[in-house]
């Protein structure tokens, strides 16, 4: 419980620093960074089962109008995720060269195919695997989960 509070505090602190302009991606990059955080970052280690996916997909607003078919939650602290942006650039799926890869703990949530929004249902798969994220800005921050 104390670890969760600490991680939540650190995330809140970072968001506050962003708001104060002390860590300053551009406005467009900031919006994309905030979206990345909302859709993909959950430092809790409680992921891994179907109930987790059902709850988190709804909480993070990915089931309002239609069921998002697939989403990955990264279970690492924000600094570990941001450090991926300092690794060697690799090519993204769209051909751009602003992607980076790292190995992290994740929960992949895949929609079952038989549910309808807003009552979407997901199957979970927890693993430690290689991920590819796109980063932008100065300093670079993650803005897109590529694979």
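Including glycine, each Cβ sits where the backbone N, Cα and C put it.
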Of 29, 66, 91, the residue that Swiss-Prot annotates as pyrrolidone carboxylic acid is 29
Specify the nearest of the recorded positions 40, 109, 144 to residue 85 (disulfide bond), where nearness means the distance between Cα atoms.
144
Residue from 53, 92, 99, 109, 135 whose C-alpha is spatially nearest that of residue 72 (dUMP binding site), among the disulfide-bonded residues
109
In the three-state scheme derived from DSSP, which category covers residue 68 (dUMP binding site)?
coil
From the disulfide-bonded residues 53, 67, 92, 109, 135, pick the residue whose C-alpha lies nearest to the C-alpha of residue 35 (dUMP binding site).
135
